[in-house]
């Protein structure tokens with residue numbers, strides 16, 4: 001071996017006295033670049049992991065925000081759906097009420113229409129009756145009531161007995177004279193719904209002070225009873241009036257309504 005063989009010298013240096021090579025130094029030298037590379041890789045991996053953790057945290061926060069936003073949107077949507085359902089329910093109820101109202105109004109309108117048609121028919125009938133009445137000459141003048149053989153008129157104003165007598169005479173009539181229970185019942189029915197007093201043609205005067213009709217005939221006994229006090233102190237005498245079906249005696253000077261009476265023209269009615 002010569003000095004010019006450096007490899008041989010290196011091999012000699014690497015050999016142990018027993019002829020074996022010292023591998024520890026050589027191995028450490030060979031693994032140093034690998035260790036550095038591994039350290040760099042570990043550092044890069046650590047940085048990567050840190051970056052991933054940071055990104056994961058950001059993503060997690062973003063997901064939480066999105067979930068919160070989604071939850072909020074779901075709450076809003078649920079509220080809108082609930083409000084829409086309530087609105088639909090209210091609309092259905094309103095529609096139902098409106099339908100019932102329309103049906104009720106239609107029913108009332110139908111009833112009104114029927115009543116209107118009935119009134120129209122009655123109006124036509126009334127026109128026919130009035131037309132016939134205009135051409136009919138009855139036993140009593142217009143505005144007089146006919147009962148059996150007599151005509152009766154109820155005054156529209158109140159006067160004393162003497163003035164009421166004059167009014168009846170001007171109508172070619174006389175104050176009421178009741179000759180029968182049937183006639184009394186008729187008069188009672190005619191004034192049943194009135195509370196006013198009506199003069200009759202019955203009075204009590206000097207010198208006899210007995211109840212006499214205008215024609216001088218006396219009152220038929222037991223035909224009706226006269227209530228009230230009879231006084232001879234009345235200058236105009238005591239006169240009779242009928243009120244609510246009962247005959248009363250009173251001062252002739254007082255005012256009351258009256259009932260005029262005259263014979264019906266039965267020949268004209270035939």
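Heads up, residue numbers simply count up from 1 along the chain you see.
Every residue gets a Cβ built from N, Cα and C, even glycine.
The annotation coiled coil is assigned in Swiss-Prot to 85-135 on the grounds of sequence analysis. What Swiss-Prot records for 1-14 is compositional bias 'Basic and acidic residues'. Under the heading disulfide bond, Swiss-Prot lists 140-151, 168-260, 239-252, citing sequence analysis as support. Per Swiss-Prot, the feature region 'Neck' maps to 57-146. Residues annotated as topological domain 'Cytoplasmic' in Swiss-Prot, with sequence analysis given as evidence: 1-33. The feature topological domain 'Extracellular' is assigned by Swiss-Prot to 57-270.
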Worksheet item: If one measures from the C-alpha of residue 140 (disulfide bond) to the C-alpha of residue 260 (disulfide bond), what distance in angstrom results, rounded to a whole number?
Response: 12
Fill in: Chain-internal residues, separated by at least six, CB under 8 A from residue 239 (disulfide bond)
161, 199, 200, 202, 203, 204, 249, 250, 251, 252
Item to complete: Round to a whole number and give the Cα-to-Cα distance in Å for the pair residue 151 (disulfide bond) and residue 260 (disulfide bond).
Response: 8
Discussion item. Please give me the CB contact count at 10 A for residue 168 (disulfide bond), counting all chains in the structure.
Written reply: 23
Discussion item. With DSSP assignments reduced to helix, strand and coil, which class does residue 239 (disulfide bond) get?
Written reply: strand
Discussion item. Looking only at the region 'Neck' (57-146), how are its residues distributed among DSSP helix, strand and coil?
Written reply: 78 helix, 2 strand, 10 coil
Worksheet item: Between 0 and 100, where does the mean pLDDT of the topological domain 'Cytoplasmic' (1-33) sit?
Response: 53
